Amino acid sequence: MKFRGIVGPRAGSQVPIVKENSAAHSTGTDAEAGVVKTSGTAVVAKPESPSPPDCALLKEKNGVGAGQNAGETKELQYGVQLAEATLKVWTKNHLITAYILMWLVNFVQAFTSGTSATFTVYVTSDFQAHSLTATTSILATLMAGLIKLPFAKVLDILGRPQGFVLAFSSMTLGLIMMAACQNVYTYCAAQVFYQMGYNCIDFTVSIFIADTSQLKNRAFMVAYASSPWLITVWAYGPASERMLDSFGFRWGFGIWAIIVPVVCSPLAALFWYNARKAEKMGLIHVTPHGRGVVENIIYYAKEFDVIGLLTLTTGLALFLLAFSLYPNQSDTWRSPLIVCFLVIGGLLVIAFGVWEKYLAPVTFIPWHLLRNRTVVFTYTMVASLYMAWYLWDSYFYSFNVVVFNQSVTDATYIGNIYTVGSCFWALLVGVVIHYWGRLRPLASYFGVPLTILGVGLMIHFRQPDVNIGFIVMCQIFIAFGGGTLVICEQMTVMAVSEHQNIPAVLAVEGLVASVGGAVGLSIASAMWQGIFPAKLAKNLPASAQSDLVSIYGDITVQSSYPLGSETRNAINRSYGETQKLMLIAATCLYSITWGSTFLWENINVKEIKQFDGLMF
């Protein structure tokens, strides 16, 4: 879904609280994955007050032991130590400044995302490949989700500042490649770098919010971080149209390639300053690992499970791309290329499972997180939610431009009703959670039913000759439902997780969302390329049959025919018949979303305190 909020901790092991008068040392095999000790014997300080009963119960359910022996050591990676220690050195002014800079970063993120999404349709059309609009996003969406787990390890091993710099560097590289691309394949590669950077920036900000906010206030902070969308949706439509009319999409991407690093650098500098401050105060001590270059490469290859990552990424990419590329093959599903994609992709996914179970020295997916039913069914809810969203939304902009004859600006406004509504509604949901504390009733009795109502009604209303006001009404329903669900999906996994585990549970949540989105895009692309040209061939008048290929492949050609003409009516009818089937499929998928929410624990976030330190 377009509004992706903030994510948080991993589930599984208790986080030690190191006494303030003793420095934490990272020792052991290396500085990255060491042991927290005090100057003499290892000490794990007990909290000053006992944990609330609900929190203790959650620890038991997550497989966390009842306690630690006083003389035991506790493994804690350097980045985790740094995050814990930095909480002790943040000043109130620095924390407020960080939240302001974070808002500015998200403002640029939102503006860039909006213009880039608008440009994509014209990039693919420029290369005579409008039907591949969804295909260009499949691999990028998939990689954006898969990269979050290794990126969570980057944050734990290297630290938040270093990870943030890597993230906006990747996004900048993607924008540069988009500006310079000469074919749709280069654009697809650029999308991968862009989406990985974009999602990792969002992920870093999410972890920062999880580090610096109380659980009962976190939903509101998540909504605050996404509030820039309330402004940018009114700006990037006209901006996109002006850019396309004046200097084109290439300079449009180029402008953002300059702005992104300029805006992100101050927040990175503030992260870095406070991290160094924590080290200078003696809260962290790094013992050199003593490895050589080759040993370092081998060590990190194991830590990031490079074999598992490449196997799963390649397998899913091949399998999912087959569904969007088959119409371009002369033998469609019988094409040797498509058969190879399906068979090899499926075998690689199976091989990944075998590797993870029996061979991987460090598993790619932290399986211990799945011991809690709330975590498991949050993930099934997220997968189905994003699968259904991308299934019906992928060609929504094109539908508004062609069938309802909307300008770039107006079509963008309509598409962003969800964004504005969900971000606004999420702020109210954050206030409700602060005072009420319950998550399951919000999702089960309001969020999902309203989403199903909105998408279900569009089955009837997303047709030619229907007043566009009905589409707006449906989008408002979906926006309020989605604004509730995006908050709840992240809050549930954070509420049942220890602070140290927040990056992992949020990374897996992001992985599940991205894989679900990639599957939804694949289904949407397959349905569009399989159904829409057939409908065109059936509905177009004889005089336009010779233009079938150009009509199918270019949105500007589709919208160039006069309204009311026989050819335009045939195009609009083909759009409506295709979209109806996509909406029916999406509505069916939402039943999984709904059922999953009823299987969550009825958590009250007001009764849970996860960690200490300066926070909102």
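Just so it is clear, glycine is given a Cβ too, placed from its N, Cα and C backbone atoms.
All annotation found in TrEMBL is predicted automatically rather than curated by experts.
According to TrEMBL, the feature transmembrane segment maps to 98-123, 129-151, 163-185, 191-210, 219-237, 249-273, 306-327, 333-355, 375-392, 412-435, 467-488, 581-600 (among others).
Sequence-distant neighbours of the transmembrane segment (163-185) (same chain, 6+ residues past either end, Cβ-Cβ under 8 Å): 79, 112, 116, 119, 123-124, 127, 129, 132, 136, 151, 154-155, 191-198, 200-201, 203-204, 250-254, 256-257, 260-261, 264, 267-268, 271.
Counting same-chain residues at least six beyond the ends of the transmembrane segment (581-600), those with a Cβ under 8 angstroms from any Cβ of the stretch are 373-374, 377-378, 380-381, 383-385, 387-389, 391-392, 395, 439-440, 443-444, 447-449, 451-452, 455-456, 458-459, 462, 485, 488, 492, 523-524, 527-528, 531. Packing against the transmembrane segment (375-392) from elsewhere in the chain are residues 1, 11, 134, 141, 369, 443, 455, 458, 482, 485, 489, 492-493, 496-497, 505, 508-509, 512-521, 523-524, 527, 579, 582-583, 585-587, 589-590, 592-593, 596-597, 599-600: each is 6 or more residues past its ends and has a CB under 8 Å from a CB in it. Residues 131-132, 134-135, 138-139, 142-143, 146, 149-150, 333, 335, 337-338, 341-342, 344-349, 351-352, 355-356, 360, 363-364, 515, 518-519, 521-523, 525-526, 529-530, 533 of the same chain, all 6+ positions outside the transmembrane segment (306-327), place their C-beta atoms under 8 angstroms from a C-beta of that stretch. If one looks beyond the transmembrane segment (467-488) by at least 6 residues along the same chain, the residues whose Cβ comes under 8 Å of a Cβ in the stretch are 1, 3-5, 219, 222-223, 381, 385, 389, 400, 404, 406, 414, 417-426, 429-430, 433, 439-440, 442-443, 446-455, 457-458, 461, 593, 597.
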